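Below you'll find the structure, written out as structure tokens, and then a few comments.
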């Protein structure tokens with residue numbers, strides 16, 4: 001099968017299907033790809049090829065996810081679908097597959113179920129901006145009751161979105177049957193096109209990483225005799241010009257410096273941008289004043305913090321996690337970008353312990369300040385092995 005060329009002329013958007021088990025997320029994913037393939041905008045994909053999701057690792061955690069890509073008339077989409085509920089939780093918390101928007105699949109025959117609620121909450125916590133709703137399996141209703149039943153479920157789902165801080169009143173809700181569309185029923189194929197149109201119109205194009213303020217996590221530091229100190233790392237976001245000011249943030253008191261040289265692959269550059277692995281020569285910085293785990297950032301755009309709330313997934317024993325629960329006095333290492341920092345945890349909601357496999361919220365207090373902000377991802381480690389993954393939901397101090 002000829003591979004589709006990656007078309008850079010169309011804006012790129014990352015989306016995913018979320019929702020309760022067996023409500024039809026994977027069938028819908030296959031239906032979108034298949035219906036668009038008839039218009040020459042995608043490769044056709046069957047259910048089995050998506051359901052048989054390959055394993056990938058993110059932050060030391062194994063996650064099963066399927067990635068498919070397709071084009072609408074105006075955009076290029078990367079679409080992620082996960083087979084199991086735990087995979088969704090891990091995927092969203094680790095940011096393995098960033099979502100600019102999500103399609104919430106709800107079986108109209110069941111209405112919202114526990115994981116429907118959990119996925120909406122997770123989407124909110126990890127910063128998914130907008131949700132489009134697909135009410136699935138409407139072909140299961142008799143003709144005379146379909147409209148009423150679908151209307152009731154739609155009201156429920158809109159209420160649920162609003163409850164978790166999404167725009168329940170204005171979110172597009174499309175009702176159809178993923179299975180019928182996949183089987184080639186023209187009426188239901190048209191509904192899939194309607195859904196794609198709703199995603200095109202309602203989910204905003206993400207702000208490109210290069211438009212955000214410059215940030216690079218420091219991976220290594222060395223001295224070049226006669227020239228000064230060089231910090232290397234991958235630029236997380238933004239663009240840096242030669243001779244611009246940056247701040248060294250985290251662990252030690254924040255310090256300002258000027259970047260007098262930018263190198264990549266042994267070549268001198270005038271600028272570094274998101275995605276580059278670069279070496280930055282820093283004016284007037286001693287080798288002892290800077291270390292792995294700090295970040296270089298555009299001045300005043302990020303400050304170090306020691307206390308925050310987080311949403312966390314704790315690995316099961318089978319995933320290489322702990323075999324036993326942990327309690328309030330647990331003090332693991334929190335791994336941010338390039339470094340481990342010890343921290344203490346305080347449970348919310350009156351719980352006494354956290355079991356392997358739990359998805360929980362708690363407050364973390366680090367022993368030294370680290371450059372973090374809402375949405376920053378981290379792993380929790382114990383003796384070098386990953387036992388959990390988290391995302392900062394709220395800064396306390």
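Glycine is treated like the rest: Cβ placed from N, Cα and C.
Per Swiss-Prot, GTP binding site is recorded for 19-26, 81-85, 136-139. What Swiss-Prot lists as Mg(2+) binding site is 26, and the listing cites sequence analysis. Taken from Swiss-Prot, the feature region 'G2' covers 60-64, and the record attributes it to similarity to another entry. What Swiss-Prot records for 81-84 is region 'G3', and it gives similarity to another entry as the kind of evidence. Per Swiss-Prot, the feature region 'G4' maps to 136-139; the stated evidence is similarity to another entry.
When secondary structure is read from DSSP and collapsed to three states, residue 19 (GTP binding site) falls in the strand class. Cβ contacts within 10 Å of residue 25 (GTP binding site), excluding its own Cβ and spanning all protein chains shown: 27. For the region 'G3' (81-84), residue counts in helix, strand and coil come to 0 helix, 1 strand, 3 coil, using DSSP. For the region 'G4' (136-139), same-chain residues at least 6 beyond its ends with a Cβ under 8 Å from one of its own Cβ atoms are 23-24, 27-28, 105-109, 146, 150, 175-180, 188. When Cβ atoms from all protein chains are considered, those within 10 Å of residue 26 (Mg(2+) binding site) total 23, not counting its own. By neighbour count, meaning other C-beta atoms within 10 Å, the densest spot among the binding-site residues 82, 138 is 82. Cα to Cα, residue 85 (GTP binding site) and residue 26 (Mg(2+) binding site) are separated by 12 Å.
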